[in-house]
Amino acid sequence: MATSRSFCGSSNITMLAAALLLLLSTSAVAQLDVSYYSKTCPHVEQIVREEMLGILQEAPTLAGPFLRLHFHDCFVRGCDASVLIDSTDVANKPAEKDAPPNKSLRGFGAVQRVKDRLQSACPNTVSCADVLALMARDAVVLAGGPTWPVALGRRDGRVSIANETNQLPPPTSNFTRLSKMFAAKGLDAKDIVVLSGGHTLGTARCVSFTDRLYNFTGANNPSDVDPALDAAYMAKLKSYCRSLADNTTLAEMDPGSFLTFDAGYYRLVARRRGILHSDSALLEHPTTRAYVERQATGLFAAEFFRDFAESMIKMGNIGVLTGDQGEIRSKCYAVNK
């Protein structure tokens, strides 16, 4: 079964860009350490876990959004918490959080809740970027998923630009586009299929996939549907996503267990019931298709958990700021004055 981390379909230019990214980030990643706050804020992980327990007891549907926040942060300017910054002037200088791909992000208030607790315990010490990384890990753990060591010491960025969210893989991506966008961040085909498994948690707005139901090729007629989507599942999705422009209705990504981290997502994808284009795209490449089919058997969930932990560590190291780069924000939604 092909689960190699090599991806031969990338262009030479993409491979060179990824290699350059790796070289530039290696020294910064080397400065991250799981014990980074051992003297300055020794109870940081305990504090985050205590707050996460309370947050998810109050709002269990936030587990998926916390994972998504971390992903959306790392893919734009690296894991520097730039996704959390408010726009200083929405009309002229919108920040990442006000860009279309991020309009549906949730959990900002909870992030600040955790940051405030850390500020009380260890003033101006723990970065918002590290808070996001820890919250994403704990969201997965508390939803029944794997744990992993989170190396700490990220610094917070001071820049957030809405237009730079074009680095985020859109839900309409085919595999070629996914592979190029992940490779630009130093991630490969296996990372794509493994990190996509995070879709076992959370929901998606209908508007992110209704073109598959109503206007797949632009013909704008009832029969213009995505043939890659299971017909029975399509009918079910149409029953609550009533129009192409439905931007309010939410659909469970992994129906029936969207609050639990498990390998059930792959069974859906294997049955052509992945809700997004990008989910279905995993069946387009032999490496990712093989992984989907292997996990769909239900016999290798422990393997998926290990792989997910490994890929999350890789993602959490993208473009990190360390040392005297950036800052430690006192409020996650605003750069320090």
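Cβ coordinates come from backbone N, Cα and C, glycine included.
Feature annotation from TrEMBL assigns domain 'Plant heme peroxidase family profile' to 31-336.
Feature annotation from TrEMBL assigns disulfide bond to Cys41-Cys122 (among others).
According to TrEMBL, the site 'Transition state stabilizer' annotation covers Arg68. Within 10 Å of the C-beta of Arg68 (site 'Transition state stabilizer') there are 22 other C-beta atoms, taking all protein chains into account.
Here TrEMBL flags His72 as active site, proton acceptor. Taking Cβ-Cβ distances under 8 Å and a sequence gap of 6 or more within the same chain, the neighbours of His72 (active site, proton acceptor) are Val83, Glu96, Pro101, Asn102, Leu105, Thr165, Leu168.
Summarising the annotation, TrEMBL assigns Ca(2+) 1 binding site to Asp73, Val76, Gly78, Asp80, Ser82, Glu96. When Cβ atoms from all protein chains are considered, those within 10 Å of Asp80 (Ca(2+) 1 binding site) total 29, not counting its own.
Feature annotation from TrEMBL assigns disulfide bond to Cys74-Cys79 (among others).
Taken from TrEMBL, the feature disulfide bond covers Cys128-Cys332 (among others). Using a 10 Å radius centred on the Cβ of Cys128 (disulfide bond) and all shown protein chains, the other Cβ atoms total 30.
Feature annotation from TrEMBL assigns substrate binding site to Pro169. The Cβ neighbour count for Pro169 (substrate binding site), using a 10 Å radius over every protein chain in view, is 21.
Taken from TrEMBL, the feature heme b binding site covers His199. A C-beta separation below 8 Å, combined with a sequence spacing of at least six in one chain, links His199 (heme b binding site) to Met253, Asp254, Tyr265, Gly274, Ile275, Leu276, Asp279.
Just so you know, the Cβ of Cys241 (disulfide bond) picks up 24 other Cβ atoms within 10 Å once every protein chain is counted. As annotated by TrEMBL, disulfide bond applies to Cys206-Cys241 (among others).
Take the binding-site residues Asp73, Glu96: by the count of other Cβ atoms within 10 Å of each Cβ, the lowest one is Glu96. When the recorded positions Cys41, Arg68, Cys122, Pro169, Cys206, Cys241 are screened for a C-alpha within 10 angstroms of the C-alpha of Asp80 (Ca(2+) 1 binding site), no residue qualifies. For the pair formed by Gly78 (Ca(2+) 1 binding site) and Cys128 (disulfide bond), distance between Cα atoms is given as 13 Å, rounded to the nearest Å. Comparing the Cα of Cys332 (disulfide bond) with the Cα of every entry in Cys79, Pro169, Cys241, these being the recorded positions, the smallest distance points to Cys79. A straight line from the CA of Cys206 (disulfide bond) to the CA of Arg68 (site 'Transition state stabilizer') spans 17 Å. Same-chain residues with CB within 8 A of the center of the Asp73, Val76, Gly78, Asp80, Ser82, Glu96 CB atoms, the Ca(2+) 1 site residues themselves not counted, are His72, Cys74, Phe75, Arg77, Cys79, Ala81, Val83, Gly157, Ser160, Gly319. Inclusion criterion for the recorded positions Cys41, Arg68, Asp73: a C-alpha placed within 10 angstroms of the C-alpha of Cys79 (disulfide bond); this criterion is met by Asp73.
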